[in-house]
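The structure under discussion appears below in the form of structure tokens.
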Amino acid sequence: MGLYRKYIEYPVLQKILIGLILGAIVGLILGHYGYADAVKTYVKPFGDLFVRLLKMLVMPIVFASLVVGAASISPARLGRVGVKIVVYYLLTSAFAVTLGIIMARLFNPGAGIHLAVGGQQFQPKQAPPLVKILLDIVPTNPFGALANGQVLPTIFFAIILGIAITYLMNSENEKVRKSAETLLDAINGLAEAMYKIVNGVMQYAPIGVFALIAYVMAEQGVKVVGELAKVTAAVYVGLTLQILLVYFVLLKIYGIDPISFIKKAKDAMLTAFVTRSSSGTLPVTMRVAKEMGISEGIYSFTLPLGATINMDGTALYQGVCTFFIANALGSHLTVGQQLTIVLTAVLASIGTAGVPGAGAIMLAMVLESVGLPLTDPNVAAAYAMILGIDAILDMGRTMVNVTGDLTGTAIVAKTEGELEKGVIA
């Protein structure tokens, strides 16, 4: 029990990094001496279990988180401030995932890998026309879409349901209001239960990552390291550009000094980088907003909302990683599929929980939306490579998520005359 307690209390990030390094070493050694088949038979199943656990969580988290996220936008508070911040969050997320796609095309990660698990190459399905993709967003059977893992229809229904619940909770009819509150409480309970399961699954992550990376290294050799380095570089260069080209430019346009802003924001940014949790960083983020001279009436609404629905860093990561996986499979993503990535990543950001590891679960959802299901062994193998470095990518993307929340809050406060002069503006 003492050893188990020590394992649980040891930081997850460090455990995953240890699993990654040991898996790479073991895989390279065993692969070099011709034991790749043994790794596939005896080690890989532990990694497959990790992937299955993540797949198990995808649709329940998508549905519950999106309903709760959409319902958190109260019509009473939406008003002018709410509309401004929601539009800001959606537009910056769209720019982030587009920037991720651009970075992926520049760095071209995964092109040096040619996956063929069991000698079978990935066989892409013919992409449907864009009009059909858009029409299929509206489900004919929402519960069937949820059960069958159809991502975009589930997102659409969850958002519509969340908005409907919000309006019912503001009904003058007490019975209707209580029914809506009960329904939301139940769905919120489901979401919280899913987050708890995520935390449990992340305790198994070091073992899963060890097994997956050992298998990939035994099969593919050292060339995988270079391709994963490209993914890491593409994500971090993209995240840096998101701060410089989006946040700094917007701050400058609205008369806020970017340097003063960053000096004030650094505590929240560093906390987000270390904890990998937007929600966990929220108390620090709110303190930083107060120190910036932002009115409590603004930041007390925009920052909790941002921790729920604004995930610019995660959206960018999904753009890069989807391209990496497609490249590793030798699959070309059409313009329609790239637009689907943008649409799905932006909508998914509304339901991406602000907890460590949630971004990897949402990536599985984005992959499904462009015809790269984890049920395919080649897709699962490429996804496994991303899981190996996900903790490293998670630190940077969470920092950008929080920086984006603060940027939007400062801009809205400035436009509303709720930003103290002489602090950052």
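Start at 1 and count along the chain as shown; that gives each residue its number.
Placed from the backbone N, Cα and C atoms, the Cβ positions cover glycine too.
Since this is a predicted model, take the numbers as computed values, not measurements.
Swiss-Prot assigns Lys290 and Ala413 to topological domains bearing the same name, which places both on one side of the membrane. In this structure, the binding-site residues Thr308, Asn310 were compared by how many other Cβ atoms lie within 10 Å of their Cβ, and the smallest count belongs to Thr308. Taking only the Cα positions, the spacing between Asp405 (Na(+) 1 binding site) and Ser278 (L-aspartate binding site) is 9 angstrom. Per-stretch counts of Cβ pairs under 8 Å to the transmembrane segment (231-251) identify 392-412 as the leading one among 12-30, 42-62, 81-103, 298-320, 392-412.
On the backbone, the CA of Arg276 (L-aspartate binding site) and the CA of Asn310 (Na(+) 1 binding site) stand 15 Å apart.
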